[in-house]
Amino acid sequence: MNPKLPYVLLVGAAVIIFILSCMLLSRGKRSPSCEPQPSVVEKTGSTSQSLVFADLTAEEMSQVVQYLQGNLGVPLVDASRAKPSDNCIASVDLQVPAKAEVLRFLDAGGARPAREALAVLYFGNQAEPNVTEYVVGPLPTPAYHRDVTVQRYGGKVLFHRRPMLRSEYKQLGVFLDMVAFAAAPTFLKEVLEYDRTNVVFQTTVPHGFQSGDRLTWFVLFQNVSGFFVHPVGLEVLVDHSSLDISQWAVSRVFYNGQYYRDMVQLESAYVQGRISVEKVRKAPWDGDFSSMKPRAPAAALFPVQIEPQGPRYSVRNNHVLFQAWSFAFGMSVSTGLRLFDIRHKGERVAYEISVQEALSVYGSNCPGGMSTRYMDRSFGLGRYTSPLVRGVDCPYLATYVDTHSLSDSLRPRKRKASLCIFEQNLGSPLRRHYSNLQSLYYGGLVNSALVVRSIATVGNYDYVWDFIFYQNGAMEGKVQATGYPSSSFLHGDGLRYGNRLWEHTLGTIHTHFVNYKVDLDVGGVKNSLVAHDMAFEMTRAPWSPEQQIERPRLTKKVLDTEDQAAFRLQLKMPRYIYFAANSKNKWGHQRGYRIQITSFAGDHLPEASSMERAISWARYQLAVTRRKEEEPTSTSIYNQNDPWTPTVTFADFINNETITNEDLVAWITAGFLHIPHSEDIPNTVTVGNSVGFLLRPYNYYDLDPSIYSHDGVFFTSEQDFTACEINPLACLPKTASCLPNFPPFTYDGFRNM
């Protein structure tokens, strides 16, 4: 070491200390900590009443499990280790009470509906294996159960329709390793350098081509970080339809463009030199090009959102208050984030807003890719809700909420910080005007909105689910897609089905469709659907009859039937379509809430397809139907594994019933086409991959309700706009100069995996 180096370092340190001291002295005392101010939240809605929608607690879930174990008269194996031939509890979730019961309780002082659970059980150890759904109650001390399967689905749920348990995936992994791969040791060792740890598989759905099939393609990838974009070229089709695991068998094998009867034939062809081998370069454990580790060192900190006077919203149990908004929230194990009893200025505008399904249809020239149609509800959008990273997934100072779920196990699982709530300054005005004609003034309102968010990671994709509440009475449902693109091994005419992302990686073309249930109650339960749009009309100028004017005029139509209210995906839809109340505003217009959809969906699966009816909700960008308790959802968790005989067919909901002055539901579909490209490496960004819908007041109020917001700014040329009492922005140096209390960074996403 250079003997002068320590002295140089000491001198440098002294200079830095001197500079920092000068800076601190010049700024005076350290900024004080931010102190919460009295809340300006308007008291609308009831915290205790919202508990009628509250998710089951961990204790309630455990009580349901204990009750079922003691009252069904059959042995129940823990689903985490169940064989297909066992009986087990697949999931336990809240049974949402009937709407009529809830409204009697909320609005008419009626009795609180019984608190109940919905339990899904797999009965593999029966003469006729089946899936049965039980309603169990009352909670917290169950005393009864009733089989609601036939009531909900019109018949029994056949056993082959059951969603796969984690235990079945594990059993299939053992089968591949111990049975299937044992038949091709030379090929696996020399081509894939297989050592039982260096490959992973991704499954495809649906399982086969007809009802009763349970045949699954397993696509093999290198076992590295971001493995989804590291295909090795080998895919194996396994028939696991038998409840006896020993009867499972390989039905077909695919490698580098060629099909083989089984692994034995693949091994024989390789040993005889009759295979075109495309050896994939072994990737390091971090995935190399697929690694999400930053390629640049940390630099200046990104902007951080703070609340100088504390949160301006409140969260009590499952109830949220924000300015004029109030609502209850929950997390369904199958569909994820959902809202109930959404009110603005104390009046209910929607009874339920919930995600129904997330669908992806893939193309490829490899068997796994070309046969994939993911219906993520069957995997569980709530079940796979992931813990949120403070400061990235949501603002650092957001309110984080833990959720519980019970699936694939006898014990409930706690997901810490799996839902977040925060107010966000969107950095733009909600409305503004600068007047420089005649009177001189500025008036504006910051666009600050409340966001409720969860993120579901289902395999390779991460879905960011948002519900956003604006100060003008508008509400938005939005999903942003990120995560890794799914990929196939690049061979032959692969570029017909996507773009090359790396040496052997084909980013496969696919569609995304998301379906929402929006049960609007505008000015009451009974509504009608009205369409407004425009048309040009030709007229003579009254003051100059020889001249012609083309002027737009308003067109109006009441949509009387469900058939009229079902708008096909790619066809033109009225640009203003709204739920109309049986009351009018001050100006004589029917009060309404408008539905505005943001979507750039790809094409829907052709209706001639044998499985299209299972996803027939995706035919429509919007369909409005009468609300019925027997039509609670647009699809089912059982549609994924038997789309050829769907358990729920949305197209049957649309049967030309009258929808004038009825309780109505809007089923909204938004989506986008994704053709993966090189910028999807290492993974897909949210920018440009966001779709959803807006609910906007349309003559619902007499004027924009945001004029009553406390955030408004107005001053004239004659006023002292540097005075706090005139312009609250002038006080920011005082009111926003505090230092917020940042809690320590924690993360529980890697526990209890």
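In case you wondered, yes, glycine gets a Cβ from its N, Cα and C as well.
Per TrEMBL, the feature active site, proton acceptor maps to ASP376. Residues annotated as active site, schiff-base intermediate with substrate in TrEMBL: TYR461. Among the features that TrEMBL reports, domain 'Copper amine oxidase N2-terminal' is placed at 76-144. Here TrEMBL flags 162-257 as domain 'Copper amine oxidase N3-terminal'. Taken from TrEMBL, the feature domain 'Copper amine oxidase catalytic' covers 305-707. Residues or ranges marked as 2',4',5'-topaquinone by TrEMBL: TYR461. Sequence annotations record features per position, and here TrEMBL assigns transmembrane segment to 6-25.
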Distance from the residue listed as 'active site, proton acceptor' back to TYR461 (active site, schiff-base intermediate with substrate), taken between C-alpha atoms, in Å: 10
Rounded mean pLDDT for the residues that make up the domain 'Copper amine oxidase N2-terminal' (76-144): 98
All-chain count of other Cβ atoms within 10 Å of the residue listed as 'active site, schiff-base intermediate with substrate': 24
For ASP376 (active site, proton acceptor), nearby residues of its own chain (Cβ under 8 Å, 6 or more apart in sequence): GLU357, ALA358, LEU359, SER360, ALA456, VAL458, TYR461, TYR463
